[in-house]
Structures are given as C-alpha cells and as structure tokens.
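For reference, the structure is listed below as structure tokens.
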Amino acid sequence: MNLFQDALAWLTDPERSAGPNPLVDRIGEHLWYTLLALVVSALIAIPLGYLIGHTGRGRQLAVLGSGAARALPSLGLLTIFTLLVGVGNAQVAAIAVFVILGVPSILAGAYAGVEAVDRTVVDAARAMGMTETQILFRVEAPLGLPLLLGGLRSAALQIIATAVLAAYVGLGGLGIYIQRGISLRTYDEMLGGAILIVLLALAVDALFAIGERVARRAIGSGPTRSRPRPDRPEPLTTDQQSTLEEIR
Amino acid sequence: MNWVAANLDLIVELTLTHARLSLLPILIGFVIAVPLGAFAWRFRWARGLTLTVVGLLYTIPSLALFVLLPPIIGISFLSELNVTIALSIYAVALMTRSATEALESVDPDVRGAAAAMGYSGWGRFWAVDLPLAGPVLLAGLRVVSVSTVSLVTVGVLVGSRNLGYLFLNGLQRGIVAEIATGIVMTVVIAVVFDLLLALAGRLVMPWTRGADGGRTRRAARRIALTEGPA
C-alpha cells in the first residue's frame, strides 16, 4: 500500500497547482472535452432516436450503432483520425472520435425511452386530439426521460474513458499523468492520475444517477415497469413465493 | 496496402495473440457472473449491493484500472495477468447484471406452473429458470465478448502485446494502413467470436430458433442496445 501513500502524497503536493502540469488545468481539459463531445453527440443522437422511437422505423440502425461502438477499438480510432487530419488538428480528431463513440448510447436511450412508453397512453393522447409532434414532446419525451438520461450516462462514461487515451495523441487531459508515469516510471504520478480519473468517472456517474432518480420520481412509476396484464393475475411477490414453497 | 503485404507474419501473430488474450476474460466472466447473478436474483437483500458494486466497477475507465490493479493485487505492472484480470473484472461486472436480468425475464407464470408440477427450488433452477434465461444470457455474453476484444487493445499501453501495438506503432511511424489493419482485425475477431457464440447458442438452445418469448426477446434486445463498459 506504500505505492498508494506515494500517490496521495503526489496528489497533495503543492507542486500540483503550481508546476508545469497543474491538476486543475488537466481536470478542466478532461471535463471540457467530455462536455463538448456529449453536447454534440446529444444534438445528433436525440432527434434521431426520437424519430426512430416515434415512427418505429430504423430500429436496426440503433442496434447496429450500439454494436459498432462496442466493437471499434477507441485507441485505434483516436490514432487513425489523428493521422488522417494531421497531428496539429488532433483536437478535432479526438472530438470526432468521442462523438462517434457517444452517439450510439444516447441514440439507444432516446429510442428505448420513447418505445417503452405504454402504447395505450399514446393512443389516449391521440384520441384527445394531440398532434404527432405534441405526442412526441408532451407524452413520449417526458416519459422516456429516465432512459434517455441512462443513455447520456453511458455516453459520458465512454467519453471520459476515451478522453484518458487522448494523452497519447498529445492532447493532455488526465491521461497525461498515466502516460508520463508509465514512460518515466514515476509510479506516484501514474497512480495519482488513475485515482483522479476514477474519482471523476464516479462523480459524473453519481450525477447522472441522481438525475435519473429525479426524472423517475417526476413521472411517477416510469415507463420501464411493464404494466400488469389485465387478463392474468399479478406475478407472486417474493414473500408469497416463499410462503408457497413452505406450504409445499 | 504495401505495409500489409510486407507484414503479414506480424499481423497473423498479433491477431492470434489478441484472440487468445480475449478468450480467458470472456470465459472467466461467464463462469463467475452466472452464479453471482443468480444469487442476486434469488436473494432480494443481496441484489441491491451486488448490482451497485458491479455497476461501479464498470464505471472505471480501462486504462485507470490497468494502472491501479497491479499494486492492489500485488502483481508486476507489466505482467500479462494484469490485463487478463482487469478485463475479467469488466466481464464479471457486465455479465452479472445481464444474468440477473436474464433470470428475471423468465415468465413468472411458467415458474408457477413448474412449481405446481412439483419442481423443487433447485431442480426448477436447472430445468426451468436457467434454460429459459438462456437467450438473454447469450445476449449478455455476446456484449461481453465484443467489448473484451475491443478493450484488449488498450492493454498495449501497459505493455501487453496485441493488435493495439499496430495503433501505437502506426501513429509513431505515420502509417495509416497499419492502424487500419489493427482496427479491421480487431473487428474481425469480434465478429468471429460473435458468430461462434450465436452458433453455440443455437446448438445448446435449439428451441430459440423459431418464435421467441416476447419477454426474453425484449430483455435480450435491451441488453444488446445499452450495456457496455468504457
């Protein structure tokens, strides 16, 4: 555990705020890349996801996108895009890669959120005379919000993780401490950087978790819970099941 | 293309090593996660804790885990075990959640019918719950497989030799074809693994070929859409 003490000492060293590689700058860079890429991804993915969810057309696209985002190695995309646009424009390359990896999760969240809305609710809205646009924005979008937030959450984590690799194409961010630490064999720096990255990811994750919870509460039980089928009895609760098992 | 022709041996060697490195975490993930997922599904009190812990585990970015793991478990930083264990952790984290959802996707009416026919808890698990959860388990395993194959490449940054080597080397030497080859071969491995898993699924679960239960199909699609570590 001595290594971790060294890492903590490294993190709290006054040099971290004054030296050539101040922590605040690197954290700021990391968050800035993440936010920028997340916003661009959302602008592309949410309208597309709503379109797919509302019309029910193009589902294959959503599934294909998710598969591709998982299969494509982020380090490979980052290096090849950097070479293609030139090392001087590595920032553009990196943001493009973050967006490519961020879009599918958000698209899936937007689409799944709309699709999970009870069809009888949508029919009721239609019967009340709502236009299709009204149905989308006043019924489907609010009810699908928790799942959309879930998609944004996965995308944000994916982007944060990929932004760690951005140091290898010369872009800074928190990955720079790991990159330097590995090449210079400065383990305190390497571990300190890794700890910061984990904390950042956990913090962003927690933020989205709270958002999801608030959204779920705001819309009541939420669209993800399947409605009880009127023609069949409710499934047994765990208590009832164990009682049943005791009787037998 | 000249680069590819001149380096066929290297490409083949790295592809085979990459496939070998990916295999173990996928298997370990499945073997550990199914009992863990079943445990979380069966005992309500264990569920929240288990799912929270696995959820937090795959929040950790891969490079950070590769760096933090060796001092925690006391292995050498450059050991090949490092990448294998880290990726197994992701696989377990991902698969446990899928396994819990898979078992939940089994129609309660069917479980009730099995109980009425006299199945005991344990017998019903093997004969009813597990087979019926199969398609969703398979969907989860396919997600694990594709993500693992892709994540192995990050291991090159901590000294693991795999297709990721082509990314770093290609960047340093400015050879686009080299990086492109690395990406293509990674995807090829992922697709081959995926096809093999799909085939194995058909052999083990011949009943899934035709009409599928709506519940399980929805759960399987949800996993295929949304799960994945970073």
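Sequential numbering from 1, following the chain as shown.
Using N, Cα and C of the backbone, Cβ positions are placed for all residues, glycine too.
According to TrEMBL, the features are:
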- A:237-248: compositional bias 'Polar residues' (COMPBIAS)
- A:27-208: domain 'ABC transmembrane type-1' (DOMAIN)
- A:220-248: region 'Disordered' (REGION)
- A:31-52: transmembrane segment (TRANSMEM)
- A:61-86: transmembrane segment (TRANSMEM)
- A:92-114: transmembrane segment (TRANSMEM)
- A:135-152: transmembrane segment (TRANSMEM)
- A:158-178: transmembrane segment (TRANSMEM)
- A:190-211: transmembrane segment (TRANSMEM)
Count, for each of A:61-86, A:92-114, A:135-152, A:158-178, A:190-211, the Cβ pairs lying under 8 Å from the transmembrane segment (A:31-52), and report the range with the highest count.
A:92-114
Using a Cβ cut-off of under 8 Å, list the residues of the same chain at least 6 residues beyond the transmembrane segment (A:92-114) that approach it.
33-34, 36-38, 40-42, 44-46, 48-50, 52-54, 59, 62, 65-66, 68-69, 72, 74, 77-78, 81-82, 84-85, 136, 140-141, 143-152, 154-156, 158-159, 162-163, 166, 169, 171, 223
Please work out which recorded stretch in A:61-86, A:135-152, A:158-178 has the most C-beta pairs separated by under 8 angstroms from the transmembrane segment (A:190-211)?
A:158-178
